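First comes the structure, then the notes that go with it.
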Amino acid sequence: MEKATETQTTAMLPKQKRQVARKPVLTRIASGILYLALLILAVVQILPLIWLFLFSLKNNQEVFNLAPLSLPAEPKWENYVKVWTEGNISMYFFNSVWITAVSVILTVLIASFVTFAITRMKWKLSKLVLGLFMVAMMIPVHSTLIPLFSFFTSIHLMNHPLAIILTYTAFNLPITMMILLGFYYTLPREIEEAAIMDGCSIHRLFFRIILPITTPVLATTAIINMIYNWNEYVFVNTFISSDKYKTLTVGINNFIGQYSIDWGAIGATLMISILPILFAFFVLSNRIVEGITSGSVKG
Amino acid sequence: MDKVMSNKKIIALYVLPALLLIITLVYVPIVLTGYYGLTQWDGIGERTFIGLANYSKLITDSLFWQSAFHSFLLAIFSVISLVAYLAVSLVLSGKIKGANLFRKIYLVPMLLSSVAIAQLWIRIYHPTNGVMNRFLESIGISNPPLWLADTSIVLFAIFIPIIWQYAGFYILIYYAALKNIPESLVEAAKIDGATPLQIAYKIKVPLIASVIKVTIVLAVVGSLKYFDLIWVMTEGGPNGASEVMASYMYKNAFKMNDFGYGSAIGFFLLLIALGVTWIIRKLTATKEEIQY
């Protein structure tokens, strides 16, 4: 069957060559349809977020009575002021900021250390250690959750920010290393040869030469880590019980659960939680795109 | 030179922080999960060793198998949607104006937290005020579905935002892979008279087969362990209609305080994820890598 269609298509080829003159019109129609499909997909991806932004500026009456995609008579910016000042949203926000920042720095630094040792230094177990990190990427978080809960309880880190910072670091090491690896492999050996010849120590080589050279890829890993940590939910939900350490994801989820009637407040809360990421995306979209592709394909 | 670069003390210093973290927080826990599965434990008191009781309970637990079925259903849906993403990427990687902007727009949902996406889609599916039913009513459907409250459709209602969330991610990966194909190969095929469809199916898709393989593994394993969005939207309800393996595990451990049984489910989840990864790699193994 497959053979038959194959010979058929090859038999058709000369005929198509003769039709070359008619091709542009057909191609134009076809590509018009395809372009429309791409546009529709773009609208589908973005429309829910536009709707979210619009209802974050409305009061309940406007949400229920006006058309979903209409503008309110007067934008209710007070929704944002209200959730920022009345609830704990500002506290959750700053928790997210500092916990994300500390985890990102720790992850990128530790991952740089180990990637440097694996790619630049000579030791027998380097392949095995690298494999250990790469396999970790396939392990479901839920298969580690109960022992981690038990471990943090026993060392009195339960309900302590360090529990999530350490977990974020450990679980983001593999992806961070994967992005770093590609860059480290392309660094010419001559750099460290020259440095070592000049009597430079390894620490100096790492901190003064290698780390500065890898700045572009460090920025990529940092932004990817930032997105992952900012959005993380399960670990915070499991390890943190008191409000003063909760991050935005868990915080807004509880907040919305309690105030599920006020649509404007819910919209404003969600907008506040996604704005930093959207802002980062507008400024650094190329880095994000690069990080996501290099972190997933090169495996 | 070699002597300096193989200094054992320095290697240990550079490797150990990362190694200790991943061993203590990832590898030791997966072994312990298997062991805790052999015990009865409420999470606070003493663990009592009860042998294989939890695991044999798991084998006959119809609720678990129902949740496993839902997880696999999500995996199948995700893999089918990969075909659509591949088609979009093939179009996008042709000389399309604004391709770069398109792929960035597609990616936006993927950057948002599952909690925010879940809370947003809860409103979208709201029976009376949600944008979905407002739209359906406006085109004349008088009895629109209840979505998340309807046990027969809740699972599929949840699949839609998951697919929406990840579409841009896979399109981005395929797009990057397709852009890596040397222009000369496509040009040669064009000169030989190949149509755009033939170029797509006979040249481009086979050339990115290894990337497609990776995305299949990612989609399947990602689906089997999927949790956040489902937990926030329905907690597996109503009545277990949207329960998946991870939510069933979480419910048993952290809601019903049966940490022994929860551990057994967690260990099973690990075996399934690793096993399925291995099977997919075996099934899609190619005898020869394509060179170009």
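Just so it is clear, glycine is given a Cβ too, placed from its N, Cα and C backbone atoms.
All TrEMBL annotations are machine predictions without curation.
Annotation source TrEMBL lists transmembrane segment at A:25-54 (among others). Same-chain residues lying 6 or more positions outside the transmembrane segment (A:25-54) and placing a CB less than 8 Å from one of its CB atoms are 68-72, 267, 270-271, 274.
What TrEMBL records for A:92-116 (among others) is transmembrane segment. Residues 129, 133, 161, 164-165, 168-169, 172-173, 176-177, 180-181, 184, 206, 210-211, 214, 218, 221-222, 225-226, 229-230, 244-252, 272-273 of the same chain, all 6+ positions outside the transmembrane segment (A:92-116), place their C-beta atoms under 8 angstroms from a C-beta of that stretch.
The domain 'ABC transmembrane type-1' annotation in TrEMBL covers A:93-284.
Marked as transmembrane segment by TrEMBL: A:128-150 (among others). Residues of the same chain lying 6 or more positions beyond the ends of the transmembrane segment (A:128-150) and with a Cβ under 8 Å from any Cβ of it are 114, 118, 158, 167, 171, 173-175, 177-178, 234-235, 238-239, 299.
Beyond the transmembrane segment (A:162-185), the same-chain residues lying 6 or more positions past its ends with a Cβ under 8 Å from any Cβ of the stretch are 99, 102-103, 106-108, 110-112, 114-116, 118-120, 130, 133-134, 136-137, 141, 148, 152, 214, 216-218, 220-221, 224-225, 228-229, 232, 235-236, 239-240, 247, 291, 294-295, 298-299. The transmembrane segment feature in TrEMBL is assigned to A:162-185 (among others).
Under the heading transmembrane segment, TrEMBL lists A:205-228 (among others).
Note on the transmembrane segment (A:263-284): residues 49, 52-53, 55-60, 63, 76, 79-80, 82-84, 87, 89, 93, 219, 223, 226-227, 230-231, 248-249, 252, 255-256 of its chain, located 6 or more positions outside it, place their CB under 8 angstroms from a CB of the stretch. Residues or ranges marked as transmembrane segment by TrEMBL: A:263-284 (among others).
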